[in-house]
Amino acid sequence: MNECYYDKRMDFFYNKTNTDTVDEWTGPKLIVVLCFGTFFCLFIFISNSLVIAAVVKNKRFHFPFYYLLANLAAADFFAGIAYVFLMFNTGPVSKTLTVNRWFLRQGLLDTSLTASLVNLLVIAVERHMSIMRMKIHSNLTKKRVTFLIISIWAIAIFMGAVPTLGWNCLCDITACSSLAPIYSRSYLVFWSVLNLVVFFIMVVVYIRIYMYVQRKTNVLSSHTSGSISRRKTPVKLMKTVMTLLGAFVVCWTPGLVVLLLDGLNCTYCGIQNVKRWFLLLALMNSVMNPIIYSYKDDEMWSTMKRMICCSSEDKSHDRRSSRVPSTVLCRSTDTSGNYIEDGIIQGTICGKGDLGDKGNS
């Protein structure tokens with residue numbers, strides 16, 4: 001029967017797995033890292049809070065897609081909390097941690113990753129349902145969106161707690177990984193492969209959506225007299241969502257590949273030399289997302305700017321901006337195909353379609 005080591009501190013496991021915790025990571029180097037980390041985390045907190053507040057404040061964002069977008073910002077906010085906890089529990093401090101505290105440190109990171117990943121997957125399904133049915137927004141009610149958001153966080157918390165619940169190497173030291181000295185190598189393989197597969201599925205879904213929108217837009221452009229800007233709106237908006245996914249994949253894939261190599265016990269891959277850089281790259285994803293929201297979505301940026309400047313809302317601007325989509329879409333409700341031409345993510349549907357959506361919400 002294998003002996004279990006629940007009462008040991010982390011230095012025992014680091015020594016057993018020959019994991020480098022950078023004992024010399026002190027003095028000026030530590031101060032510089034903490035300063036940069038603090039700056040980025042503050043930016044994550046403030047910017048993602050603005051995104052959530054913008055969705056709550058602006059009634060034009062009261063649709064399933066934007067609720068999920070706000071939840072993605074909440075996942076990034078949570079990631080900021082995880083990084084703050086990591087900053088003050090890493091380096092030489094790692095060896096002094098108890099097993100439970102180390103599990104909490106890693107569990108926060110795993111939960112934030114899963115929350116973002118599952119949220120992007122739900123957004124992909126929502127966009128696919130809406131666009132394939134020629135609608136700007138899906139028929140999801142507020143109750144269903146709330147249920148989806150609760151489910152996303154339930155799955156994220158569960159996945160973050162899986163090692164704590166038993167899939168670890170506390171009773172089998174020989175199965176411990178190098179990067180995560182109390183995680184089983186089999187768990188790292190499962191975790192990294194699962195996330196990489198979900199990445200691939202989402203990329204395929206969004207490519208299919210993008211190709212469909214572009215094909216539909218090209219077909220409609222030869223049969224309608226609408227402006228070029230209106231015909232290009234669906235493609236532009238889909239690029240926004242795909243940019244978010246692309247940033248997520250680019251920032252997280254290297255770290256997941258490193259975890260996979262560690263799970264496969266690759267002793268010649270030099271993973272210890274790159275793990276901190278890839279963790280920093282993952283941190284940058286939570287920094288980039290709010291920038292993408294504001295840069296790609298003019299309405300989001302204007303709402304955030306008004307909140308930052310603490311200025312009174314420009315009612316004439318709101319009336320003007322809200323009048324254009326409704327006017328355009330009122331001309332388009334005769335044929336379902338024109339939903340794709342006039343917009344996929346933004347705007348409102350007038351007439352019976354609008355009343356139906358509002359009733360569902």
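Glycine residues also receive a Cβ, built from the backbone N, Cα and C atoms like all the rest.
Since the structure is predicted, the reported quantities are computational estimates derived from the model, not experimental observations.
The domain 'G-protein coupled receptors family 1 profile' annotation in TrEMBL covers 47-293.
According to TrEMBL, the transmembrane segment annotation covers 30-53 (among others).
Outside the transmembrane segment (65-88) by six or more residues, the chain places 33-34, 37-38, 40-41, 44-45, 48-49, 51-52, 55-56, 104-105, 108-109, 111-113, 115-116, 119-120, 122-123, 126-127, 130, 137-138, 142, 145, 148-149, 152, 156, 244, 283, 285-286, 289-290, 293, 345 with a CB less than 8 A from a CB of the stretch. The transmembrane segment annotation in TrEMBL covers 65-88 (among others).
Taken from TrEMBL, the feature transmembrane segment applies to 108-125 (among others). Same-chain residues lying 6 or more positions outside the transmembrane segment (108-125) and placing a CB less than 8 Å from one of its CB atoms are 65, 68-69, 71-72, 74-76, 78-79, 81-83, 85-86, 148, 152-153, 155-157, 159-161, 191, 195, 198-199, 201-202, 205-206, 209, 241, 244-245, 248, 252, 282, 285.
Per TrEMBL, the feature transmembrane segment maps to 145-167 (among others). Residues of the same chain lying 6 or more positions beyond the ends of the transmembrane segment (145-167) and with a Cβ under 8 Å from any Cβ of it are 64, 67-68, 71, 75, 100, 103, 106-112, 114-115, 118-119, 122, 182-184, 186-187.
Marked as transmembrane segment by TrEMBL: 187-207 (among others).
Per TrEMBL, the feature transmembrane segment maps to 240-261 (among others).
Marked as transmembrane segment by TrEMBL: 277-295 (among others).
For the transmembrane segment (277-295), the list of distant contacts is 37, 40, 43-44, 47-48, 50-51, 69, 72-73, 76, 79-80, 83, 113, 116, 240, 243-244, 247-248, 251-252, 254-255, 258, 301, 304: same-chain residues at least six beyond its ends, Cβ to Cβ under 8 Å. Note on the transmembrane segment (240-261): residues 72, 113, 116-117, 120, 123-124, 127, 179-180, 188-189, 191-193, 195-196, 199, 202-203, 206, 210, 269, 271, 274-275, 278-279, 281-282, 284-285, 288-289, 292, 296-297, 345 of its chain, located 6 or more positions outside it, place their CB under 8 angstroms from a CB of the stretch.
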